[in-house]
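J.: Grabbed the feature section from TrEMBL, which reads as follows:
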| type | residues | note |
| --- | --- | --- |
| DOMAIN | 91-219 | domain 'PARG helical' |
| DOMAIN | 237-459 | domain 'PARG catalytic Macro' |
| ACT_SITE | 268 | active site |
| BINDING | 271, 285, 326 | substrate binding site |
| ACT_SITE | 286 | active site |
| ACT_SITE | 287 | active site |
């Protein structure tokens, strides 16, 4: 009978990931280098043996671990950050509990990491959904158990992942040294402390009760050329021809995407590097989601940055924290018990979709190339390649909305989103709301739940939605209007927002702009 480790050396997925992991492969087995095993065992036995009873001493222990892995010492500022957080910011009682119980449990989890990885690879065929580096244009899925994810995130906390080669492969950094370093930055914000409180709470939860579900990470690619008959990157003419009907669109002035009660693709307003500034000083929509659902962070280990025709969908990430505030006002509040049901693969029915918007586009967001980039980015995320034949028919205009092909899947999974790319990235909320509506409709999603976060520019969004639906427009017709408006905006023929430009100027006018061609 084969051992779980047999054949590991021949696996392409493991060979891909191994340079970025702190464990080694020898003799067909994964293990910690001997020099690292001793300090890990000491940590696992608790403070009576390890003598690690403070953040200051913990930083020294992590430096010893890094040196044992032939890595440079923990940066001085990160070491100071560990000391500040565990010695100054946590209460004495909390810190004692952390060093007496949580830290030894994390060390024991790390000692099991090689076996968890071997078990992971034994369960999946080579490359099927095994842990591997998913580079740009490499469409695929990685499926990880929550216990393995906890072990990998413990590596991040201990700052044990190798950093060499990550920049060249367009991979974001995954160790937590940047988070701790920011605590002692001259312009440090309290939100940095609160982000770490979320992560500390996560580690307390998973060491108290080992989670048994799974999480999938998928790189979705909208190729420029047809692959096995799949849908390709649409051009503006294809969007103009689309006969897809516009889906239901509901506007919410209050509430949050992460609290969505219906099963939906919950949009992460992402950086092209997954996680954005989550492990640095960022604390807006994407970074907050990564703090309250820390399992998302592990995707940063193996997901290279996204190009214009790519999106990342993560299914199953558990939420652990309740929070309040945004940006500098962000605060960890309390524990959160995630009650989302599980699917047949053990994933929670939480679907988080990372799509990155154009950064500070100014007038380029009104160029046809800018509009096309954004609608295709959203469509790439919203689409399901199994429905590619239906998409093609609708792009060709061969089925009018009254004869729309059925999805036949029985799924009722919509889109939950908001002002994507409209904060620090500077996008136009009126345009972005319409682009997402167009993309979701073309992807045959049944609904869009749109959270405005009380944006003043979207006060008329509900009015616009009802007006468009009342006139029965298709995706192609709404796209035509966006192109027409953007053309006028570029030429300086209008300074109005899209909503004001689109809606009738007075109560007696109901003429449609597109009828005047």
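Cβ coordinates are placed from backbone N, Cα and C, and glycine is handled just like the others.
Note that TrEMBL annotation is computational and uncurated.
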J.: May I ask for the distance between residue 271 (substrate binding site) and residue 286 (active site), taken between their Cα atoms and rounded to an integer number of Å?
T.: 8
J.: Tell me the Cα distance separating residue 268 (active site) from residue 285 (substrate binding site), rounded to the nearest angstrom.
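T.: Pair distance, Cα basis, whole Å: 7 Å.
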J.: Taking Cα-Cα distance, which of the recorded positions 286, 287, 326 are within 10 Å of residue 268 (active site)?
T.: 286, 287
J.: Per DSSP, how many helix, strand and coil residues does the domain 'PARG helical' (91-219) have?
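T.: Helix, strand and coil residues of the domain 'PARG helical' (91-219) number 68 helix, 13 strand, 48 coil.
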J.: What mean pLDDT does the predicted model reach across the domain 'PARG helical' (91-219)?
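T.: That region's mean pLDDT is 96.
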J.: At 10 angstroms around each C-beta, which of the active-site residues 268, 286 has the fewest other C-beta atoms nearby?
T.: 286
J.: Among residues 271, 285, 326 annotated as binding substrate, what is the maximum Cα-Cα distance? Answer in Å.
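T.: If we measure all Cα pairs in 271, 285, 326, the largest is 17 Å.
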J.: Restricting to the chain of residue 287 (active site) and a gap of 6 or more, list residues whose Cβ falls under 8 Å of its Cβ, or answer none.
T.: 195, 275, 276, 277, 278
J.: Name, in the order they occur in the sequence, the residues of the same chain whose CB lies under 8 A from the CB of residue 326 (substrate binding site) and which sit 6 or more residues away.
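T.: For residue 326 (substrate binding site), the qualifying residues are 283, 284, 288.
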J.: How many other Cβ atoms sit within 10 Å of the Cβ of residue 271 (substrate binding site)?
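T.: That number is 22.
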